[in-house]
C-alpha cells in the first residue's frame, strides 16, 4: 500500500515535469501551422485549417529569402569556427596536460579566465574594425573561436589525462615527435571528446544571438537567430510566420539532439563535473 | 674535428637519480612542443585578451571608436550616479542568485526523480534536457507570448484554479523574476544532467548502510544523496552564477530591460549605451561587470572547492 502510494506520487511528479516542459513546445508547433487570423489569438486551440506549406513558403520567401541567406551564413560560421576550435583546443589541451610546469600553469589561468571574464565588447568591435573585419563573416568566426576555446580546452585536457603516456613514448621510439606525433598518433585518439566538443559548440554557435547582434549587425549578413529578431518586428501581427521561423531554426539543434543525445549528455557531464 | 660529448652526458644522467633520467624527460618535453599552443594562443590573445586589456583604458575616455579623449573616472561616476544604471547592478545580482538557487533546487529534485527506478525516466531526461539546446531567443519569444496578461496560457491556467494572474512581464514588480523563472526553465536541464551524473557515481553501499540503520527516503537524501553530490552542486552553482551574471539575450528578447529600468541588468545596459553611441560608458559597464564576476566567482570557487575536499 505504501509503495503504491509512493509510486503514484512519483508518477504524478514525473507527469507534471513532462507537462511543464512539453507545453511550450507544443504551443510553438500549433501556432506555426495555424492561419494568420487564428494564430493572432495566441491560444492553445486546435488549428481550424492547416496552411503548413503556405506558412513555410511565406517565411522562406520573406524579405528576399532572408531566412535562406541566414541559414547559409549560420552554417558557414558554425562549421568553420567549430573546425578550428576542435583542432586548436585539442592541441592546447594536449600540451597543457602533458607538460606541467610554469607555462601550463599560466595557460590554465588563461583558460579559466576565458570561462569567467565577460568579453569586452566595444573594444573588440574597435579591434575588428581596425583589422577590417567588423560586420564581416570572418570577423564573427574569429570571435566565436576565441570565445568558445576555453570550454573546449578544458574538455580535451580532461580526456588527454586518460591516454597513457607510454603511447607518446612508443611513438617517439618510432621517430615521431612534435606536431607529427600529435596529428598522426594523438589526435585520432581524441575522437570521442572531439565529437562532444563539436556537438556542444556547434549548438552554442548556431543558437548564438549576442555575438551576431554586436559583430554582424544589419541585414547584409543575417544569421538565423537575428532573423527571429527582424521577423518579430516585421510580423508583429503574423504570429504563425514568426513561430514557423522559430520551428525552422530549431530543427538543426533538434536533429543534433535526436541523433547524439547520449554523447552530448555524457560529454557535458564529464567536462562539467571535473572542470 | 669531432666533438665527443658522451663522457659528459654519462655523469649527468647518473646524477639525476631514480626515475626517468633527466635527458629522457627532456626528450619527452620536446615531443610536446609549446608551439602547439600557438594557434589557440594567437586567436585568444588578439581577439579576447587585447580587447579586455584595452577596455580598462577606453573606459576612462570619451570615445567615438575613432577618437578617444581621456576623462578619468567620469564614466564610472556617471554609472554609479545614475539611478537606472545602479538598478541594473542590483538586478544583475538578484537575477544571478535567484536563477542559480532555483537551478540547484530543481536540478537536484529532478536529478533524484530521474535516477529513480521508474519507466518514464529515459523519456523525461530527454524532455528536460531539450530546452538547453533550443535558442534563447526562441524560448524568450515563446514565453513572452505565454506570459501575456489575461489571454496568455499561464494566466488562463491560473484562472482555471481560481487565481487571477498579473501582467508578468509588464509590471515592474514581477518582470525580472518572470524572466529569471524562464531562465530556470531553459537551463535546469543542464543542472539535472550534472546531478544525474553525480548521483549515479555515489556507491550503492552508502544507501545500504542507511537501510541497515532503518532510515527512510528522507534519511537517504539527507545523509547520502545531498552531501555526496556536492561536486555536482559546486559545478551547478558556479556555471549558473557565471551565466546569470552575464545574462543578456533572454532579458533582451523578453522585456528589453523594461518596464522602465525594472529588469535591466549590466549586460543590457552595456548594449543600450553602445546603441546610443556612448562607447566609453558602455565599456565602463563592461569593466564593472568584469570586476563583479571576478569578485564573486573567485572567492566562491575557492570556498566551495575547499568544502568539497572536506566532504
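Every residue gets a Cβ built from N, Cα and C, even glycine.
Unlike curated entries, TrEMBL annotations are predicted automatically.
Between the stretches A:181-206, A:207-232, TrEMBL puts its transmembrane segment entry on A:181-206.
With a cut-off of 8 Å between Cβ atoms, the residues of this chain six or more beyond the transmembrane segment (A:103-128) that come close are 92, 95-96, 134, 139, 142-143, 147, 149-151, 153-154, 157, 214-215.
Scored by C-beta pairs under 8 angstroms, the transmembrane segment (A:181-206) has its highest count with A:75-96, from the stretches A:75-96, A:140-160, A:239-260.
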